[in-house]
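Features of the protein shown, as given by TrEMBL:
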- 1-20: signal peptide (SIGNAL)
- 29-107: domain 'Inhibitor I9' (DOMAIN)
- 133-578: domain 'Peptidase S8/S53' (DOMAIN)
- D142: active site, charge relay system (ACT_SITE)
- H217: active site, charge relay system (ACT_SITE)
- S540: active site, charge relay system (ACT_SITE)
- 655-750: domain 'Subtilisin-like protease fibronectin type-III' (DOMAIN)
Amino acid sequence: MGKTIVLLALFLAIVLNVQTSFVVAETKVYVVYLGEKKHDDIESVTESHHQILWSLLGSKEAVQDSIVYSYRHGFSGFAAKLTESQAQQISEIPGVVQVIPNALYELTTTRTWDYLGLSPGNSQSLLQKTNMGSSVIVGVIDTGVWPESEMFNDKGYGPIPSRWKGVCEYGELFSPSNCNKKLIGAKFFIDGYFAEFGVVKTTEKPEYISPRDFHGHGTHVASTVGGSFVHNVSYLGLGRGSVRGGAPGVQLAIYKACWQDGTCSGVDVLKAIDEAIHDGVDVLSLSLGLKVPLYQETDVRELTSVGTFHAVAKGITVVASAGNDGPAAQTISNVAPWILTVAATTLDRSFPTTITLGNNITTLGQAIFGGPELGFVDLTYPEKPLIGDCAGLAANPKNTMEGKVVLCFTADLSSAGLVNGIIAVKNAGGLGVIIARNPTHQLIPSRDFPCVMVDFELGTDILFYIRSTSSPIVKIHASRTLVSYPVATKVATFSSRGPNSVSPAVLKPDIAAPGVNILAAVSPNSSISDGGFAMTTGTSMATPVVSGVVVLLKSLHPNWSPAAIKSAIVTTAWRTDPSGEPIFADGSSRKLADPFDYGGGLINPEKAARPGLIYDMTIDDYVLYLCSTDYNDTSISQVLGKTTICPNPKPSVLDLNLPSITIPNLKDEVTLTRTVTNVGPPNSIYKVVIDPPMGVNMIVTPKWLVFNSMTKKVSFKVRVSTTHKVNNGYYFGSLTWTDKVHNVVIPVSVRTQILQRY
């Protein structure tokens, strides 16, 4: 190894012709990705990274100033501060896969588990069979943890597994004594953030330079995955019950890589993934992502995809959020096929809030308003200067809002302008707001300042009342908790939608789970904390719900691959809500949900434990996927750490053994292949049931799959053609294998492209 380093250094000195210069060029953080490690001696791996930089920069001091991280566990590479010219020079070195600028990521539950049928009361339940996930370690990459929360108590826990290699690090207001037998690891990664933004000014925006969570997001996510039982919990008096995570017996490892304002430096996230691989986690949960436009999954700029590829190659299941940029199409993130990508739905729970007008007309809005009731007070609608636009309320004179409830309208699906408007009303001495907007589920919690959401129709009715009288008044009652009927399940407006903008033949999202008004632990510093708990909303909240289920499946089936776990979840999902009612997708107009809204459907934990058949994949399948992209043999070989030659002709992405079929450009007839593995009774016979998309013909051969003790895997072919004569949008259907006990369903999405698009 020493000779190799010396030769590499000599090569750099000759080829790069390094010269001393007194011109200071701007530096940025770059990731130098070298692919799979060549050996397991991490000190030698680190030294090789330093040698590359030393040969470029000319001194050890310059190397120390430049390098941010060495990635040396799951893969080989490093992050460093380089000029554009230096980055270009390093990219030309043999063995370097890519050199890419740093990327910035952004952060994207009491009733949840009963709603999903995951109750501890039944001795035959998945929770009881898996001892609540006690044999599994899950890593959470987020904003840290508030370890004192009762949801992280370790009552009843046994010893920490001997295979665990992680530690609990010292930092600001954090030490190893903050960990226990449940919270077994805590690390923080801030060097990339420092390199990108400079010193963290904690006086302006408070933060702990340690694994401790100030923001509250990471605590909420971790406690949703595996928080211990805490009884008689509510939020502002709403949603009262026992709160817990999906796998209350799991052991948690925290990797803090997201900081002030929820910003996550990509090089910090990549280092967290690298360390989690080394430490021995079984599952990784990432409630973060990039915005579109996305990079190819094999492009190191898509840092989570590159890092998680190596994690999945080592048997770690990776669960990540779809993003909060819905309801627009093609906004989904974390689209690599080896990631389990999660969309967000509502629960069968709402918080109706009664509004009584001065004419005794009563209507219902939605709010998280703990009361007390706001008696009859003045009601106003600002006619000027912005005609009651919620984001423009700050422009109104204070005396027009003081002592009144303010009605406003907004068509903006984001919350930033809305929050600013609410603050303006409160600062002016206003008593509350009624917000008319498109149907949404992003409620703003309030103790003594009601923020009630209504739709445009109800908002217009209230406006007509205001204009009909010289002295409009209103009474706002405290919110109530309504569970089950008649509350329907919907894909949340904000949940990012498919199709996949990077690889349209790979269905995303994979699955949906509750992510609206989820009650869990937070940091007491959080502005919305109520006794250390809060209801929050986002695909960030849906992701740990799925991570908790993955933990239970991993505990029940420890030898299942990440692809097997994904398949079990996708093929057993609910296509209706648990009560049998249709699932709609909210947005500018409501429609029935389709695979681009919720993937396979709403996660069904108990069914996922017994899927019957699975669509399994190994690293070799993902290599064929890489071959179907623009990566060449050399680059793939470096990523894998072994010589790899792609087949000729190039494999079709349609043949990737996904638990879905997505054909984005059907013109001529195509035939694709899938392989299923029997994980049910050895002697089983399955029959195919086809629900083809409209105007699409599907022929499956064979029509029966026969399994026995010798035959555990069977392949089948699907021939697909279209009767459409013009280009059109996607139509949806399904393909089901059934043995009358198990229904193994995969979604089918087809778009006809008769003529080339312009």
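Using the three backbone atoms N, Cα and C, a Cβ is placed for every residue, glycine included.
Known features from TrEMBL, placed on the structure.
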residue: D142; record: active site, charge relay system; Cβ neighbours (10 Å): 31
residue: H217; record: active site, charge relay system; Cβ neighbours (10 Å): 25
residue: S540; record: active site, charge relay system; Cβ neighbours (10 Å): 30
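Reported as a whole number, the C-alpha separation between S540 (active site, charge relay system) and D142 (active site, charge relay system) equals 10 Å.
Residue counts of the domain 'Subtilisin-like protease fibronectin type-III' (655-750) by helix, strand and coil are 1 helix, 60 strand, 35 coil (DSSP-based).
As a summary of secondary structure, the domain 'Inhibitor I9' (29-107) carries 31 helix, 27 strand, 21 coil according to DSSP.
In this structure the alpha carbons, written CA, of H217 (active site, charge relay system) and D142 (active site, charge relay system) are 7 Å apart. Residues belonging to the domain 'Peptidase S8/S53' (133-578) score a mean pLDDT of 90 in the model.
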